[in-house]
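Chemist: Here's a structure for you.
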């Protein structure tokens, strides 16, 4: 497992602090042991027979130690403690100051980021408010223009010139199928009569075509089938009487005809009943 450099530095400093603290403890212990040995040596020298004889006159022998400030271990111990404290303070500052600075820098960056976001939000809100104001103003102007705008006036259209079309037959062109004859125009040769149109003057009946109502028979032309006799016209030989038509003068009665009714005048051309 690979540790980050920051954690490695912390562990290295902690190990050195433990080593220094252990070294100070060992040094203080050695100083205390040496001091005790020195005191015992001094006491033994004072209690030797020679010293006892020299001080025999004294009732008591007083053994007094040196003050603590005059002890040999006092200065190294105090110096070591101060040095350890200074080292701990220095190491703490060396480790803590970068951490505090990084944290402060991170807080400042976060604060700047929040301020930038707040500024962006303010700009966006200002743009939205400005856009809404412009839209409302444009809508109000459009509404006012719609109210003020007059109704469109009709555009005058100039009259179109009248075109006169000649629908009469063209010279050199055959008549078109289904084209009715024009009043006052001569009939075209070979043109058959049209149903529903009166016959043209001087137009002979066509073979296979039914005679037109009201058309008189033509001299030299045989009568057409189904053509009723005309008043004042001589009957045609071999023409049978028509139902609903009076018999023609000189026309013989036909077999199957009813006899004259009693009290009814005989029809012209019927012989008297025997």
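Backbone N, Cα and C define each Cβ position, glycine as well.
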Chemist: According to Swiss-Prot, which listed range is transmembrane segment: 80-100, 101-121, 122-142?
Modeler: 80-100
Chemist: For the record in Swiss-Prot, which of the ranges 11-31, 32-52 is the transmembrane segment one?
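Modeler: Based on what Swiss-Prot states, transmembrane segment spans 11-31.
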Chemist: Over the repeat '3-4' (268-273), what does the predicted model average in pLDDT?
Modeler: 56
Chemist: As a quick check of your reading of DSSP, tell me how many residues in the compositional bias 'Pro residues' (151-161) are helical, how many are strand and how many are coil.
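Modeler: For that range the per-state counts are 0 helix, 0 strand, 11 coil.
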